[in-house]
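*Asks:* Just dropping this structure here.
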Amino acid sequence: MQSSSLGNADDPRFRQTHLFQMLVKVINTSAENATKTAIATSSTSTPSFVDTYSTSSLLGEEGRMVMIVVIGAMFALVTSLGNLMVMVSFKIDKQLQTISNYFLFSLAVADIAIGVISIPMFTYYTAIQKWDLGYTMCQFWLCIDYLMSNASVLNLLLISFDRYFSVTRPLSYRPRRTTKKALTMIACTYIISLILWPPWIISWPYIEGKFTAEPGTCVVQFLQTNPYVTVGTAVAAFYLPVTIMCILYTRVYWETQKRQKEFGKLQATQTWASDVVDRPSTQSFRNSKMWKKVKKFSRRSMKRDVSSTSIIKSSGSMRKKNNQDGYVEDSVTPCTSSRNSKRKSWLRNCTGKSNSSSEDSSEAVAMNLDDTSLSSSHFALSGSRRRNISPPCTPMPTNFEDEEQTDAGASMRNGSARFRSRPSDTGKNNNSDTYTVLIELNDEGSRPSVRLSSCEPYLDEPISTRNRSKSDCNSEIDERRHSLLNKQSPFKNGRILKNFSSQERKSEKEQRKNERKQESKAAKTLSAILCAFIATWTPYNLIVCWEAFFPNTVPNVLWTFSYFLCYINSTINPLCYALCNARFRHTYMRILRCKFKAERPTMNQGYVRRN
């Protein structure tokens, strides 16, 4: 029975049946499952170190790529938006459209190109650790990268030169600094960068006759093959500009400190002079050294302020015009129809008084006693202009402090000097009106007097009216002079100096205050930009010079970080403007609030005064 069964199992016909094949399949499947279970059990008890390392390495590589992409995208976005805000601020705010800010605008253009092109491509190259975008795209990225980076450096150098000349040579440099010249200098920065980098990046493989860059890499070839060219470009692009910028910034800093000290001394001198002028007038005080210093100070102020004029000018009553012969004539303002208004006009013309401020009133009696300038004064009036003028009155002595005269007048004391107007072509006509200025300089203790020549008749008035007006004018002038002399204290006239220069000192103080404020803002901005530039660019240039002579000695991570640090400089620059310039901060806030329209002038002015 058993043999029969075995025989039947060995029968070839039985092996070909469907049942036998199913049994074999089941047996094989069970054995395979048992083997897999045993392997799985042994693997669980003793895990493989290689499999574990591979899994963690894969996860770490993916995490590293994600982190690099996120950081690079964040910096690219911040750099692009920050520099775009600088450009928009320059466009929408008229107060920011200055020549100095043109350089900042150019710097923002270079930085925004770095944020849009250079940072994203470098992020991609660093994340996948190979370059698979092709040779043409590699050359394009390198050319734009080095071009804009070097243009950014040269713009910083241009800003430093602009600040240096503005502080050290304000009178000669600022008037000649125009928008056209600024744009020319900005164009030069890009032209120099264009000559320095892109041609050599593209042509260097052909100059050497071979491509030495490894496949999957994107580098500047001469930075790897020629150490001398590498050092030369580093010196031209970084070391030389940063050295010049440091020297210029040091000079700007010391010049600013020097001006602040000089301004403090000037304020102290002006306060001391004002106190001295208010002291009582005594002969002993006039002979003292302190009074001589006051005289010297007042003469300098007078020479500086009134050296350009040689006539008695009254604000609102005398205006310079050109006649047909090319001479400059001083026409008196037209008088009104009423007789009282004419008298007041004559009185103002003779006394040099007007309804202006104390500064204008003081300027009315200010004269330059230089012979040449006085002799060239022209008072001839053509016949066609005579209906629009008021006649000068008869001679009236005008008190004038001797300490306010210039050195030319000091040499003519104890005598009288008559300065006549230069005859003009119309002087041959009897109808032309001329008058002279008579200055009498007496003893040291007395006051000199200024006299105007006799009045000419007013043509539109009848003879009786003319005579009456002249007598009224003379009487009113005498009364005016008598009342002024009685009201003056012994040293009251010494306050002419104070009245003359008070308004000017105030305006000069405000002007210098604004200049110091602008210089301080510019110095802060320059210092912040310079410090950020040195901190972000120094590591890369040190590594490049080291790698030129000692290749493959610096870790790749350190080289990548130093390269990316140069890009961060373009991110920091807009923040430097905002931190150091309140106007940029204000405009940034306007942009963030989407207020692109111009604000009311009163609001802008109030904001400027607060800052």
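Quick reminder: no glycine exception, Cβ is built from N, Cα and C everywhere.
This is the feature table in Swiss-Prot:
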type: TOPO_DOM; residues: 1-67; note: topological domain 'Extracellular'
type: CARBOHYD; residues: ASN28; note: N-linked glycosylation site
type: CARBOHYD; residues: ASN33; note: N-linked glycosylation site
type: TRANSMEM; residues: 68-88; note: transmembrane segment
type: TOPO_DOM; residues: 89-101; note: topological domain 'Cytoplasmic'
type: TRANSMEM; residues: 102-122; note: transmembrane segment
type: TOPO_DOM; residues: 123-140; note: topological domain 'Extracellular'
type: DISULFID; residues: CYS138-CYS218; note: disulfide bond
type: TRANSMEM; residues: 141-161; note: transmembrane segment
type: TOPO_DOM; residues: 162-181; note: topological domain 'Cytoplasmic'
type: TRANSMEM; residues: 182-202; note: transmembrane segment
type: TOPO_DOM; residues: 203-227; note: topological domain 'Extracellular'
type: TRANSMEM; residues: 228-248; note: transmembrane segment
type: TOPO_DOM; residues: 249-525; note: topological domain 'Cytoplasmic'
type: REGION; residues: 299-364; note: region 'Disordered'
type: COMPBIAS; residues: 307-317; note: compositional bias 'Low complexity'
type: REGION; residues: 377-432; note: region 'Disordered'
type: REGION; residues: 446-477; note: region 'Disordered'
type: REGION; residues: 500-519; note: region 'Disordered'
type: COMPBIAS; residues: 503-519; note: compositional bias 'Basic and acidic residues'
type: TRANSMEM; residues: 526-546; note: transmembrane segment
type: TOPO_DOM; residues: 547-557; note: topological domain 'Extracellular'
type: TRANSMEM; residues: 558-578; note: transmembrane segment
type: TOPO_DOM; residues: 579-611; note: topological domain 'Cytoplasmic'
*Asks:* For the transmembrane segment (102-122) and the transmembrane segment (228-248), decide whether they are in contact, meaning at least 3 CB pairs lie under 8 A, counting pairs 6 or more apart in sequence.
*Replies:* no
*Asks:* I'd like to know if the transmembrane segment (558-578) touches the transmembrane segment (68-88) in this structure, counting it as a touch only when three or more C-beta pairs sit under 8 Å and are separated by 6 or more positions.
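*Replies:* The answer is yes, given that the two segments have at least 3 Cβ pairs within the 8 Å cut-off.
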*Asks:* Which numbers of helix, strand and coil residues does DSSP report for the topological domain 'Extracellular' (203-227)?
*Replies:* 11 helix, 0 strand, 14 coil
*Asks:* Which state, by DSSP, holds CYS138 (disulfide bond): helix, strand or coil?
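*Replies:* Once the DSSP labels are grouped into three classes, CYS138 (disulfide bond) ends up as helix.
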*Asks:* Cβ under 8 Å to the topological domain 'Extracellular' (123-140), counting only same-chain residues 6 or more beyond its ends: which ones?
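*Replies:* 65, 68-69, 71-73, 76, 201-202, 216-218, 560, 564.
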*Asks:* So if I exclude everything within five residues of the ends of the topological domain 'Cytoplasmic' (89-101), which remaining residues of that chain have a CB under 8 angstroms from its CBs? That is, six or more out.
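*Replies:* Contacts of the topological domain 'Cytoplasmic' (89-101) (Cβ under 8 Å, skipping residues fewer than 6 from its ends): 108, 159, 162-163, 166, 177-179, 182, 522, 583-584, 587-588, 590-591, 596, 598, 604, 608.
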*Asks:* What is the pLDDT of the topological domain 'Cytoplasmic' (89-101) when averaged and given as a whole number?
*Replies:* 90
